[in-house]
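S.K.: I'd like to ask you about the structure that follows.
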Amino acid sequence: MRRLLSALLSLSKPRLTMLVVLTAMAPYALYPMPEMLSPAATETPSLSPLTLLFLTTGTALCSASANALNMMYEPSTDALMSRTRNRPLVRKLVSKQAAGLFAAATAVAGAAALYLGVNPTVACLGLANIGLYAAVYTPLKAVTSINTWAGAVVGGIPPLMGWAAAAGEAATGDGSWRELLLASDGSSAGGWLLAALLFAWQFPHFMALSWPIRNEYRAAGLRMLAWTNPARNARVALRYSLVFVPVCLALCAAGVTDWAFAATSLPVNLWLVRQAVRFWSHQGHAGSARGLFWASVWHLPVVMMLALLHKKGMWARAWTSAFGSPEEGAWEDDEDGGGDELLLPEMAAKSSKAVPLR
């Protein structure tokens, strides 16, 4: 039983699933609750921990389903590559039937958790991501190098799921997908910008990852730019590395973060660009692929943490919680003073009655 459970866990690609969950959690936490933007608020505004639990659980289950379906589709090609030859279906640690049942069960459970515990829009996004990853990206790998763009779309959907989950809690209308993802007041912009950030991140990360094993991809018949067009592979990595600077600026302009985020994220973004320029100029050689890969690995969590630290209104809210707001103090002073003014005439009248005239 332990061996079977271990094999099923491997089907879910746990490290990748954890990354997917984190990219849904960060936008959920970054969603600008209206109360956060009011420095005079006296109670700490927060989103529902229960909704967050359902979001993370449902997202993890949907990711596990997509990954299991991916492995079911390509065990023959996985067997030809060093990074995938130890997967459970290749080693026959689990049957295709068991993998199929696991994929179906996690898809149903994940969609149900998102539908019942979050909202229907997030559930639909979760199911769409399973379909895109398993039915579009995976088969495209053997057909065209455009598969990488399809995979990048898959990577950009979890941030939208997190954003829509938070927007559903703050919704004032019918909570439809239009209100959560295409709000007329522009409040949905932050979710799309975070999705764009994750979409762009896929390219420097994967182009660098695929370069050292490009010949294995060729032998397996998987059409990756790393071997079909190495020069374009490097250009694409550089091009999308440049996207992070304007996206981070746009997050400030959209009111998701304060403007300090533009300054603190700039060195991190320029570090990634520097590694991408080196990757492009050396065409993947001289250790440039490894340098870009590790830069991308660190870049994403650092940028996300900086965004969370610079969430719009967060520090003003923390200051108010600790020391109170100037408006609150002024109101209290006025209240005390006004009370004295009302009491003084009354006290004077009482004292005049108490002392007889002589």
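A Cβ is built for glycine as well, from the same backbone N, Cα and C atoms used for every other residue.
So TrEMBL has the following annotated:
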- 47-72: transmembrane segment (TRANSMEM)
- 93-114: transmembrane segment (TRANSMEM)
- 120-137: transmembrane segment (TRANSMEM)
- 149-171: transmembrane segment (TRANSMEM)
- 191-213: transmembrane segment (TRANSMEM)
- 242-262: transmembrane segment (TRANSMEM)
- 291-309: transmembrane segment (TRANSMEM)
S.K.: As a test: from 47-72, 93-114, 149-171, pick the stretch that has the greatest number of Cβ pairs under 8 Å with the transmembrane segment (120-137).
M.R.: 149-171
S.K.: State the non-local partners of the transmembrane segment (242-262) in its own chain: residues 6+ outside its ends, Cβ under 8 Å from one of its Cβ atoms.
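M.R.: Distant Cβ neighbours of the transmembrane segment (242-262) are 30, 32, 37, 186, 189-190, 193-194, 196-197, 200-201, 269-270, 272-273, 276, 299, 303, 306-307, 310-313, 315.
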